[in-house]
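For Arg23, Glu79, Lys118, Lys450, the entry in Swiss-Prot reads (6S)-5-formyl-5,6,7,8-tetrahydrofolate binding site. As annotated by Swiss-Prot, domain 'TrmE-type G' applies to 214-374. The feature GTP binding site is assigned by Swiss-Prot to 224-229, 243-249, 268-271, with sequence analysis given as support. What Swiss-Prot records for Asn224, Thr243, Ile245, Thr248 is K(+) binding site, and it gives sequence analysis as the kind of evidence. Residues annotated as Mg(2+) binding site in Swiss-Prot: Ser228, Thr249.
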Amino acid sequence: MYTKDTIVAVATPQGNGGIGIVRISGSDALSIAEKLTKKRLKPRYATFCNIYNINEIIDHGIVIFFNSPNSYTGEDVVEIQAHGNPFILNLIIKATLEYGARMANAGEFTERAFLNNKLDLTQAEAVADIINASSETAAKSAAKSLQGDFSKEINNLLEKLIYLRMYVEASIDFPEEEINFLEDQKIHNSLQDIYKTILDVKNSCKQGAILVEGITLILVGKPNAGKSSLLNALAGKESAIVTSIAGTTRDIVKEHIQINGVPMHIIDTAGLRSSDDIIESEGIKRAIKKIQEADQILFVTDDYTNSQVKFSDIKDIIPEFYHQIPKDIDITYVHNKIDLLKEVPLNHDNHIYISAESNIGIDKLKDHILAKVGYTTQNESIYTARERHVTAIDNAFDHIKLAKEQLELGNGELLAEELLIVQEHLNSITGEFSSDDLLGEIFSSFCIGK
């Protein structure tokens, strides 16, 4: 529920720094700031002044007043740029609270910007994405969403969809007309155009979601197959201990890297085998649990006979664990230690040949990983997307397919109903129709000062 009281929070990261910013927003923001500074503040002017708690000077700094509606939140906003010492910033916050403000909830400044139509929901989410971006590519894509690229795509779709709905519903409302609107080629062409556009947005959304969420890779295999060496090769540094002793990795080893700007969460697991060692057995249990969370499994093997590759299936190599691996997770067989072979086979299907120790084939493996999730570096128009966006687009796509079926069958009323459902799913992306629960969940994931 939107309350128009005045909120305050520190807008800069925790810890010491050269500058710390306290942000105030609400109807009393200006009067509180003028009490703190004992100055008359002009809109959009940087005023250098002392900051007081009644008559005691807390600090001095620059204060800027942004009057409504020309501010980030759409309300009166004041930003106090003081020295970046947490104790000083807390004193300023304390004085602000005494003058009638309250502490802001997580994401409340951006929530107010959304509720005051300064941002739509995809742009509001992009604020968090640009702050939390873990790669340059993710940051650039979040900036595209923030400037409205994603919203424009959805709004253009909605405009076409609403026009088509009007046309279809007109044919239902005026049955006395001799013209059969449903046989009009314009409807077929328009519906096909919407179908194709939703499919394009669906593909872009999935790539954008990868930039936000990243890809979780699990390294699985028998002991001493070279999983830890592969982790180090992918990470470009020594993250895991590598020895010739089987079972060296007894716990989960995690590494966060980027491949062509895509965040990768790589998890090296204990070698899968039956073991009487209590510690190793616990590591294997944790490995099995982590496998359930994977986007991809890299099954590392060095299964060679007489310098020839053995194309054994995962269920043959680790039969006692195979039934615990989810069937819907993609598995890539990474044949390690190819430097031991006289002749190296060509990569094919889900079989990639590498030498983690010699760094042979690592770039090919990286390309394979990205290709498996449908990510392409050639797409310069990717904007960041959330899992909820992907779900909404998937639902919209399912119902636009049903709409096409109803058009072919000549069922005007069912066609109109399917188009309405598509519209509702698209509206949920930009926040045209969103429940309070959904908004609360989205904005609670923000940092306090945003």
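Glycine is no exception: its Cβ is also placed from the backbone N, Cα and C atoms.
All features noted in Swiss-Prot, drawn onto the structure.
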residue	record	DSSP class
Arg23	(6S)-5-formyl-5,6,7,8-tetrahydrofolate binding site	strand
Glu79	(6S)-5-formyl-5,6,7,8-tetrahydrofolate binding site	strand
Lys118	(6S)-5-formyl-5,6,7,8-tetrahydrofolate binding site	coil
Asn224	GTP binding site	coil
Counting across all protein chains, other CB atoms within 10 angstroms of the CB of Arg23 ((6S)-5-formyl-5,6,7,8-tetrahydrofolate binding site) number 22
For Glu79 ((6S)-5-formyl-5,6,7,8-tetrahydrofolate binding site), find which of the binding-site residues Asn224, Lys227, Ser228 come within 10 Å, Cα to Cα.
-> none
Neighbour count (Cβ, 10 Å) for Ser228 (Mg(2+) binding site) = 24
To what whole number does the mean pLDDT across the domain 'TrmE-type G' (214-374) round?
-> 73
Across the binding-site residues (Lys118, Lys227), the Cβ with the fewest other Cβ atoms inside 10 Å is that of Lys118
Rounded distance in angstrom between the Cα atoms of Lys227 (GTP binding site) and Lys118 ((6S)-5-formyl-5,6,7,8-tetrahydrofolate binding site) | 49
C-beta crowding around Glu79 ((6S)-5-formyl-5,6,7,8-tetrahydrofolate binding site), within 10 angstroms | 21
Other C-beta atoms that fall within 10 angstroms of the C-beta of Asn224 (GTP binding site) | 19
